[in-house]
């Protein structure tokens with residue numbers, strides 16, 4: 001069956017399946033903070049010209065292209081995807097490939113969120129929630145797996161650490177600061193219950209990172225000479241399994257027993273119709289169409305992520321920046337730009353629960369799911385990746401979680417809290433800017449640091 005015909009028949013079934021799942025307008029549908037954040041970057045597209053196309057199959061195909069490619073404010077960045085592929089095959093400079101690939105990942109990440117939400121219309125709330133949880137940080141997962149395949153453990157660790165720090169300090173800090181300025185005379189309350197759950201899980205994560213680090217120092221100092229040199233690696237693998245168990249319990253807690261804690265308040269009507277996300281309650285793609293597009297977007301994301309991983313050293317040498325700085329600072333900022341922008345937009349509208357759900361939810365997912373999955377996948381590949389992220393990285397993570405927890409304990413925000421978080425991120429960024437690692441691979445477990453003078 002031709003793809004265009006499949007898409008056309010799939011779209012005719014969309015409304016029937018939506019009725020079956022009680023998801024037509026007028027009936028409530030649970031939407032996570034990630035859904036709402038990504039939706040803030042979507043826009044309506046004029047499809048009136050499509051009605052003049054005589055062929056029904058072609059009209060359906062063009063309608064799908066319109067719904068997937070033109071209903072996002074980031075559609076102008078899609079040419080970067082093709083340019084990155086062309087730059088690779090035409091043997092342009094690797095730095096150009098790196099930059100174009102990073103830019104191309106921005107709209108792809110937003111479209112992956114859109115497509116998983118479309119599929120969730122037909123799968124019900126539980127499976128839809130699992131889909132959103134799985135694809136919420138798919139870019140980080142793909143980059144981590146591809147870097148593991150090339151043995152670049154330092155890139156894996158630094159990129160995941162950078163995503164956590166970026167969500168906790170930069171995204172949340174920017175959102176709180178701009179929300180405080182935009183709503184200077186208004187109260188900015190938020191529900192602390194969700195924040196407490198996420199910070200507790202983040203503290204568990206930093207404990208699992210700290211123990212292998214302390215064990216390595218204990219072994220090298222001779223305090224526990226009876227302990228084998230691989231003890232930290234074995235401990236990391238055990239901790240990773242326990243972290244995944246904790247994450248599964250967190251999903252059950254979030255999607256079943258205490259889902260009311262994670263449901264953002266309904267977005268009220270605003271003057272800007274593009275931000276009325278609560279009205280977006282009807283699928284625009286059929287199930288088959290959404291699955292096809294999801295597979296295509298995932299393949300493109302994997303392709304560009306591979307370009308990023310293979311060219312990061314060239315960018316590091318060209319820009320005279322350490323690989324750790326690019327991985328911790330630049331990759332997370334660009335890779336999650338769409339989601340971060342959505343969090344800031346809702347903060348400006350004083351929808352702080354959505355902003356917290358995006359920033360804390362992403363940090364929790366990366367620390368409790370993506371990181372342990374990376375360790376276990378490396379285990380199956382025979383790669384000795386552990387949870388020892390080195391003293392500087394682990395200390396930065398612990399302090400970031402601590403500052404965030406203290407900032408959110410009152411249940412009300414103002415711009416000074418946001419400014420403090422942003423400045424904390426700036427201090428950490430400067431710290432990683434002034435250091436260089438002598439061993440870029442990081443596969444031997446020994447890391448020497450040089451300070452840029």
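Cβ coordinates are placed from backbone N, Cα and C, and glycine is handled just like the others.
Here is what Swiss-Prot says about this protein:
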- 136-171: region 'Cation selection' (REGION)
- 335-370: region 'Cation selection' (REGION)
- 1-67: topological domain 'Cytoplasmic' (TOPO_DOM)
- 86-91: topological domain 'Extracellular' (TOPO_DOM)
- 110-126: topological domain 'Cytoplasmic' (TOPO_DOM)
- 148-160: topological domain 'Extracellular' (TOPO_DOM)
- 182-194: topological domain 'Cytoplasmic' (TOPO_DOM)
- 216-232: topological domain 'Extracellular' (TOPO_DOM)
- 254-283: topological domain 'Cytoplasmic' (TOPO_DOM)
- 305-327: topological domain 'Extracellular' (TOPO_DOM)
- 349-364: topological domain 'Cytoplasmic' (TOPO_DOM)
- 410-414: topological domain 'Cytoplasmic' (TOPO_DOM)
- 436-453: topological domain 'Extracellular' (TOPO_DOM)
- 68-85: transmembrane segment (TRANSMEM)
- 92-109: transmembrane segment (TRANSMEM)
- 127-147: transmembrane segment (TRANSMEM)
- 161-181: transmembrane segment (TRANSMEM)
- 195-215: transmembrane segment (TRANSMEM)
- 233-253: transmembrane segment (TRANSMEM)
- 284-304: transmembrane segment (TRANSMEM)
- 328-348: transmembrane segment (TRANSMEM)
- 365-385: transmembrane segment (TRANSMEM)
- 389-409: transmembrane segment (TRANSMEM)
- 415-435: transmembrane segment (TRANSMEM)
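When pLDDT is averaged over the topological domain 'Cytoplasmic' (1-67), the result is 56.
Contacts between the transmembrane segment (161-181) and the transmembrane segment (389-409): present, as 3 or more C-beta pairs lie under 8 angstroms, all at sequence separation of six or more. Here the transmembrane segment (92-109) does not touch the transmembrane segment (233-253). Their Cβ atoms form fewer than 3 pairs under 8 Å, with each pair 6 or more residues apart.
Sequence-distant neighbours of the transmembrane segment (365-385) (same chain, 6+ residues past either end, Cβ-Cβ under 8 Å): 133, 136-137, 140-141, 144-145, 148-149, 151, 153, 156-157, 160, 163-164, 167, 201-202, 204-206, 230, 233, 236-237, 239-241, 243-244, 246-247, 250, 443, 445. Here the transmembrane segment (195-215) has Cβ contacts under 8 Å with residues 164, 168, 224, 227, 231-233, 235-236, 239-240, 242-243, 246-247, 250, 253, 261, 356, 360-361, 363-364, 367-368, 371, 386-391, 394, 397-398, 401, 404-405, 408-409 of the same chain, all six or more residues outside its ends. 415-435 is the stretch from 233-253, 328-348, 415-435 with the greatest number of Cβ pairs below 8 Å to the transmembrane segment (389-409).
If one looks beyond the transmembrane segment (328-348) by at least 6 residues along the same chain, the residues whose Cβ comes under 8 Å of a Cβ in the stretch are 34, 36-41, 74, 102-103, 105-107, 109-110, 113, 139-140, 143, 158-159, 161-163, 165-167, 170-172, 174-176, 178-179, 182, 267, 275, 308, 354-355, 358-359, 362, 393, 429, 432-433. The helix, strand and coil residue counts that DSSP assigns across the topological domain 'Cytoplasmic' (110-126) are 17 helix, 0 strand, 0 coil. Taking H, G and I as helix, E and B as strand and the rest as coil, DSSP gives the topological domain 'Extracellular' (305-327) the counts 20 helix, 0 strand, 3 coil. Helix, strand and coil residue tallies for the topological domain 'Extracellular' (148-160), in that order: 10 helix, 0 strand, 3 coil [DSSP]. Remote same-chain residues near the topological domain 'Cytoplasmic' (410-414) are listed as 176, 179-180, 187-192, 352 (criterion: CB distance under 8 Å, separation of at least six residues from the stretch ends).
Sorting the topological domain 'Cytoplasmic' (182-194) by DSSP state (H, G, I as helix; E, B as strand; all else coil) yields 4 helix, 1 strand, 8 coil.
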